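Peer 1: Sharing the feature lines straight out of Swiss-Prot:
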BINDING   SER109, LEU110, LEU111, PRO112  (6S)-5,6,7,8-tetrahydrofolate binding site
Amino acid sequence: MKIVFMGTPEFAVPSLKAMVENFNVEGVFTQPDRPKGRGKKLAMSPVKEVALENNIDVYQPVSLRKEPEFIEKLKNIQPDFIIVVAYGQILPKEVLEIPKYACINLHASLLPKYRGAAPLNWAIINGEKKSGNTTMLMDVGLDTGDMLMTQEVDINDSMTAGELHDILMIQGGDLLVDTINKMVSGEITPIKQDDSKTCYASMLDKKMACIDWSKSASEIHNLIRGLNPWPVAYTHYDDKVMKIYKSHVLNENSKKEPGTVINVSNKGIKVACGEGILVVEEIQFPGKKPLKVEQYIRGNSIEIESVLK
C-alpha cells in the first residue's frame, strides 16, 4: 500500500509513525523550514525530522497551488492514499484526484462540529464533555468532506487543551490505520456531514486570552483550560500581567465586584466572578516560571480585596 503523508506539527508525528509501521510511505510533504528561537535559525518541522530518520523523501512546497512541479512529483509516486494530518495547506482539486483510493484527513473533532484550525481548544472553551478524532474524505472545502470513522474521548472538568491534544495525537494514528484497512476492504460507507450541526473553530489569538471577570466562573475556567498551553488566559494584578494556567470552580456566590480577590491560601486564590467563584491554582508573572499559588505565596503576596482586571 503506497502512502504519501502530509503533515507538519508534533500532532502529526504519531500518525506518520503509524503509517511507516503499517504501510509503504513513499513521500512526506511538510511545511518549509522556519526561523525559530532567538537566533532565528531555520528549524525543521517535527514531521520532517521523523521522515528523515526513516529515510523517506521529503517535499516542502510553499504552496501546492503555485508550484505545479510538486503536483507532478505526487502523480509520479502514484499513491494509493494521501494522508493529511495538520499539514497547513488546503489541497487543490488536482491533488485530491491523484490517489487510487482517496485523500484522507484526520481532524481533531467530532465532525461536523468544530471545523477549522483550533477544534480541541474551542471544544474545551465551550464546555463540551466529549471530543475526539474524525477521519474524512477530503474535498475542496474546509473540513467539509464525508466522514469515515470517529473515536470519542471524554473531557473531564480539569482537562486542558494540551492534555486533550496529547490524547488525540496518540490515538489518531490507530484510527488512520483502521480507516485505510477498512476502506480497502470495502467496510466503510462514507457519511455526509450535516451542515446544520456544524460550528467553526477559528484560530486562537492573544486578544481572546484576557479574562472578563463579569462572566461566570465556569466560563472563565473553561477559557483557562482551553487556552493552556497557548496563548494562556491572563488578567492584571498590581499592573502586571498574571497568566493563569489552572483553576477550579466553587459552587458558591459572592456579592463582591467581579475580579475581587476574596481569599488567598495554599489551595489557591478565590476570585469573585459574575456568577460563582473561581479558585486560581497556578499562575505566572512576566519573566518568571509558572508556579502553583501555594509556591508563589511563600515569598510573595496577593492582597485580599484587590481587584483583578
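Yeah, the Cβs are placed from backbone N, Cα and C, and that goes for glycine too.
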Peer 1: I'd like to know which of the binding-site residues LEU110, LEU111 has the most other Cβ atoms within 10 Å of its Cβ.
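Peer 2: Checking each of LEU110, LEU111, the winner is LEU111.
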Peer 1: Tell me the Cβ contacts of SER109 ((6S)-5,6,7,8-tetrahydrofolate binding site) under 8 Å, same chain only and six or more apart in sequence, or just say none.
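Peer 2: Listed in sequence order: ARG115, PRO119, LEU120, ALA123, SER131, GLY132, ASN133, THR134, ALA201.
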Peer 1: Around PRO112 ((6S)-5,6,7,8-tetrahydrofolate binding site), how many other C-beta atoms are within 10 angstroms of its C-beta?
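Peer 2: Excluding its own Cβ, PRO112 ((6S)-5,6,7,8-tetrahydrofolate binding site) sees 19 Cβ atoms within 10 Å.
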Peer 1: Identify all same-chain residues not among SER109, LEU110, LEU111, PRO112 whose C-beta atom falls within 8 angstroms of the centroid of the (6S)-5,6,7,8-tetrahydrofolate site's C-beta atoms; report them in sequence order.
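Peer 2: So the extra residues in range turn out to be HIS107, LYS113, TYR114, ARG115, PRO119, GLY132, THR134, ASP143, MET147, THR150, GLN193, THR198.
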